[in-house]
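*Asks:* Have a look at this one.
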Amino acid sequence: MDLNLFLLAGVDGLSYASLLFLISLGLTLICGVFGVINVAHGSLYAFGGYSAATVLTWLMPHNTSTPVMVLALFLSAAVVGGALGMLLERGLLRFFQDRDPVLQLLVTFAAFMFLEDLQRMIWGSTPMNAGELVGRMGTTELVGVTFMNYQLVFLPAIALAAYAGLQCLLKRSIAGRQIVAVIHHREVATALGINAARVGTLTFALAGALGALGGALSIPLTSFTPGLGAEMIVTSFAVIATAGLGQIAGALVAAVLIGLARALAVYTQPELEVVMPYLMMVAVLLVRPYGLFSATAARRI
């Protein structure tokens, strides 16, 4: 594998890891606060992508500037993802919060199937894309290889900003500390006067916005078709399992490892592209059964 291919694989892997991290970040929050594996999160990714494509397609003929298009992309993801996240929590998952985990999983899967059908009703089965935004951001040449700035700079910067912003929210704000309190011990947090129900709703809204943002940022790079949300949510589960449940920093590292492994497979062994994230997950879990960054939990009595 020569240097050019290695660089191409590295940039592709980091851009894919950035998108994967945004989706996994939302899942990590939901798992931490609710202890629920939210399969429906994949549909929020799809809705974010389709909504962004709709908005960008409407803006393009009006000679809209690139900053305005980027802002529209972010706003569409935040509004659609946040609203759907709140609806899922208030209208469905709140009633199954303390139920059997298998039942919770089935409920989120049912919500995923409903949202997939709703997605087809709204946008149909025709592939949607908004690739013009990538071209507007230009290219950069490194050691004779041309890279798109959207992949080289923009996506990794957004992922790092999301990581830093969430860490700042959780550690330096009252709302963030309430989320952390609910994650560590819901009953004690409630006894101290924290409105756990409101924290749950806000967490689902934030997680939904992050998942939809991952989809919105994906739409300039790939064509969205029905079923894409299922593919991304399964890969995101691999990231969470590799990192360890509830580990935000771990999700970032695991997303990078899986993204780079997948990209290297694309350029060297294409037949391994689909299974590479899961091979990476299995390799880690054989050594660290609870994930790379998991800590030993004390048993509550």
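Any Cβ shown, glycine's included, is placed from N, Cα and C.
Owing to the predicted nature of the structure, the values given are computational and were not obtained by experimental measurement.
Straight from TrEMBL, here's the annotation block:
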type	residues	note
TRANSMEM	16-37	transmembrane segment
TRANSMEM	44-61	transmembrane segment
TRANSMEM	67-89	transmembrane segment
TRANSMEM	101-122	transmembrane segment
TRANSMEM	142-166	transmembrane segment
TRANSMEM	202-221	transmembrane segment
TRANSMEM	233-260	transmembrane segment
TRANSMEM	272-291	transmembrane segment
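Could you place the listed features in the three-dimensional structure?
*Replies:* Panel annotation: around the transmembrane segment (16-37), residues 44-45, 93, 97, 101, 104-105, 108, 155-156, 158-159, 162-163, 166, 179, 182-183, 199-200, 203-204, 206-211, 213-214, 217-218, 232-233, 235-237, 239-240, 243, 245-248, 251-252, 254-256, 258-260, 262-263 of the same chain, lying at least six beyond its termini, place a Cβ under 8 Å from a Cβ of the stretch.
Here the transmembrane segment (67-89) has Cβ contacts under 8 Å with residues 38, 40, 43-44, 47-48, 51-52, 54-56, 59-60, 111, 115, 133, 136, 200-201, 203-213, 215-217 of the same chain, all six or more residues outside its ends.
Here the transmembrane segment (101-122) has long-range neighbours at 35-44, 46-47, 50, 84, 88, 92-93, 226-227, 229-230, 233, meaning same-chain residues at least 6 beyond its ends whose C-beta is under 8 angstroms from one of its own.
Long-range Cβ contacts of the transmembrane segment (202-221) within its own chain (Cβ-Cβ under 8 Å, at least 6 residues beyond either end) map to 15, 18-20, 22-23, 25-27, 29-30, 33-34, 38, 41-42, 44-53, 56, 73-74, 76-78, 80-86, 88-89, 93, 128-134, 150-151, 155, 158, 162, 175, 179, 229, 232.
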*Asks:* For the transmembrane segment (44-61), give me same-chain residues lying six or more residues beyond its boundaries with a C-beta closer than 8 angstroms to one of its C-beta atoms, as numbers and ranges.
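*Replies:* Here the qualifying positions are 23, 26, 68-69, 72-73, 76-77, 80-81, 84-85, 115-116, 119, 122-123, 128-130, 132-133, 208, 211-216, 218-220, 224, 226, 228-229, 232-233.
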*Asks:* How about long-range neighbours of the transmembrane segment (233-260): same chain, 6 or more residues beyond its ends, C-beta under 8 Å?
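*Replies:* Tertiary neighbours of the transmembrane segment (233-260) are 9-10, 13-18, 20-21, 23-25, 27-28, 31-32, 37, 39, 41-42, 45, 112, 159, 163, 166-167, 170, 183, 276-278, 280-281, 284-285, 288, 290-295.
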